[in-house]
Amino acid sequence: MSRPARPGPWPPASSQPQPQTQHQPLSWAKRTAFKNAPISTSGQFSTPNTTPPPPDLESGPSTTTNNAALALPPPPTNPIPSAGPNNQNTSVKRSTGGANGASKERNPATRQRDRELSAPLPRLREREAEEDHDELPQRHPHVVTYSLRDTPGLVPIVYYGLQHYLSILGSLILIPLVIVPAMGGSYEDRAAVVSTVLLVSGVTTLLHTSLGTRLPLVQGPSFVYLAPALALINSPEFQALNQNNFKHIMKELQGALIIAAAFQAIIGYTGVMALLLRLISPIVVSSTIAAVGLSFFSYGFTQVGACLEIGILQILLVFIFSLYLRKIKLFGYRVFLIYAVPLGLGITWAIAFVLTETGVYSYKGCDANIPAANNVSEYCRKHVTRMKHCRANTSHALRDAPWFRFPYPLQWGTPLFNWKMALVMCLVSIIASVDSVGSYHASSLLVAERPPTAGVVSRGIGMEGITSLLAGLWGTGVGSSTLTENVHTIAVTKMGSRRAVQFGAVLLILISLIGKVGGFIASIPDVMVAALLCFMWAMLAALGLSNLRYSSNGSSRNSIVVGLALFFSLSVPAYFQQYGLNPNSNRSVPSYFQPYVIASHGPFHTTYAGVNYVLNTLLSFNMVIAFVIAFVLDNTVPGSRQERGAYVWSKSEAARREPAVVKDYQLPFNISRFFGWVKWVGL
C-alpha cells in the first residue's frame, strides 16, 4: 500500500491562477480600516477609531463611532480545493487544526495575510500618534448656523437671544413655583422669587460666557439643588415655626448655598476639578443626570390628578408639539419643537381661562380661597379643591405685583449658617459639577473649534461656584449651574453664538425689573406647573442617558453599570424615605414631598445628631446613590478607554498653538496675563 501524500498548506500551492475573490478579505480590510480588535472583558469587539459621521441635529454630535460589534471578514467564496481521494480527510483535518480548532502550524502566506489584516492603516497610526503627542482632538463639523464667535446682525441677535431663553423657559421659572409654596410663602413671595431668579440668571450667564468656559450656556436654578432644598425645608428645626416660615427658611437656604458655593469655587480654581475629570466618564454623567430627572416621579402626576382635564391637556400639547410636529417648519424654523413648552402653556392657560369665565368651575356659594376644612357646607368642601386647582383666576399675584421691582442682595435678611445643611449642600455641589461637565463637552462639539481643555473646564466650575454664591446672596432658594437643556436648545435652534446668549441675558435682566412679569409667572396654576415638570424631568432623564452615545453602546459592562446605578438610585432612597412618613412633619409640604422628611428619624442613629442628619439626608437622594455607584463601578470594573467612552479634552500645549481655540476659550481683554501664577485661569 502506498503511503498517502502529505497534505500541503491551505490553500495549496498551485501553478494555476487563483480566483480573484481569494483576496477579498484583504481589500475589504483596507477599504474599511478594519483591524483585528481585541475582545474586551465584556465580550464585545472593540471598534476601530474611525472618523464619525456628521452629528444629528436633535441628539447632538458623537465623538465615537457606532460601537456595535463588528462582524469578521467574510470567508473566501471559492471552495476548498480537492486533494484527491487519498488525502481529502487528512487535508480537512490539518486545515482546521484538529478537533479543538487550534492550528498547529501556519504557513508563511497565512501569517503574512494576518499581519496585513491586523495592521492599522497609516491614518489610524497618525491619530494614535496625535494622542501620544498631546495633539488636539479631531474637529467635528459644525451643525449650527452661527458658531461660538459669530456675531449676527442686530435683528437676528435680538430674535435668537429671545428664542434661546423662551425655549428653556420651564427650567428658569418652575423651581420657584415649587419651593416657595413648600416654604409657606404667599403668591407675592412667589412673584418676588421669580423676579430674583430671572435677574440672577441673566447676571450669572454674562459672567459664565465672559469669565467661565465662554461657551453659550445659560446659567439658572438647577434641579440638582431641588432635592436638598426640600430636605432642608422639612428639617425638624422648622417644624415648630408658626409665622414668617418663608423668610426664616430662605435665610437658612442662603447660608447653606453660600458655603457650598465657596467650596465649589475652590475645587474649580485650585484645579481639583481638572484632576477629577480623569475619573468622570459618560457612564457616570448619564447615570447621575438621569437619576435627577427620575427622582421626582412622585410629584408629577400626583399633582396633575388634582385637575385631570387641564393637566392632561397640558401634557398632550407639549408631547404633540415636541414629538409629532417637531419636523414641521414655519418660516424656515421648527417652531413647534423650539417653543413646545411656551406654546403648550399658553394654549392650556387660555382654555382654562375660558372655562373659568364661562362658569364651568363655579359652584354657587363656594369660594376657592377658603380652605376646604373651613367650609361649613358639605357641597363646598367637595368642590373647593377642584375650584382651586382648575380655575385660572385664583391667584392675585399679577394684580398685586408692582410695576417695578429691583431684587437686591440679602433682601430676605441676614443668612443663617448651619454646618449640617452646609455640608449636605457642599456634597451636592459636586454632583452639580458633574452635570455641568457633560454639558460643557456636548455643547463644545456643537459650537466650538475643539473641546475645552481641562483647565477651561475647571475654570468654568469655579465660576459656577461664584454664580451660586450670587444666588445665595440674592436668595433664589437653590444654587445656580449650567442648565442641561442648553445642549438640546443649541442643537435644535442651530444657534451657538456667544453674543446672542449674552444679549438674551441682558434682556432677561431688564425683564426681571418689571414686577408684573414675576406676578404673571407666579399666577400659573399649580396643575400646569406639575404638567410642565412631568415633561421637563422626563427630558432631563433623557438628556442624561443621551451621554451614553459617547461610550460603547453594545458593551455589557456599561449596560450593567448604568442599570445598577439607576435601579439602586430608586431602591436605596426608598428604604431611607420610608422613615420620612412622619405625621408630625411640616404640613406646608404636600404629601408627595413627605419622603424628604427623614433628617430626624432615619435609619442612622449614632451618638452625633449632626452625623445622623447628614447621612440620612444624603442617602435619601436618588442622584447621590446613582453617582456613587456609577463612579465606583466605572473606575474599578476593567474596561478599555474606548469602551468607557472617556471624554476627550484638548491639551493645553496644543490648544495654545491653534489661534482658533485660543479665541474660543481665552479670557477677554487678555485678563489671564495677570493670573499667570494660577494654572487654571488660562488655557
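The backbone N, Cα and C atoms fix where each Cβ goes, and this holds for glycine too.
Now, the feature entries from TrEMBL:
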COMPBIAS  1-14  compositional bias 'Pro residues'
COMPBIAS  15-27  compositional bias 'Low complexity'
COMPBIAS  38-49  compositional bias 'Polar residues'
COMPBIAS  61-71  compositional bias 'Low complexity'
COMPBIAS  103-137  compositional bias 'Basic and acidic residues'
REGION    1-137  region 'Disordered'
TRANSMEM  157-179  transmembrane segment
TRANSMEM  191-211  transmembrane segment
TRANSMEM  256-280  transmembrane segment
TRANSMEM  300-324  transmembrane segment
TRANSMEM  336-355  transmembrane segment
TRANSMEM  416-434  transmembrane segment
TRANSMEM  503-522  transmembrane segment
TRANSMEM  528-548  transmembrane segment
TRANSMEM  560-576  transmembrane segment
TRANSMEM  613-633  transmembrane segment
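Against the transmembrane segment (157-179), stretch 503-522 has more CB pairs under 8 A than any other of 256-280, 300-324, 503-522, 528-548. Proximity of the transmembrane segment (336-355) to the transmembrane segment (560-576) is not established, fewer than 3 Cβ-Cβ distances being under 8 Å for residue pairs spaced 6 or more apart. A contact between the transmembrane segment (300-324) and the transmembrane segment (528-548) is present, since 3 or more of their C-beta pairs, 6 or more residues apart, lie under 8 Å.
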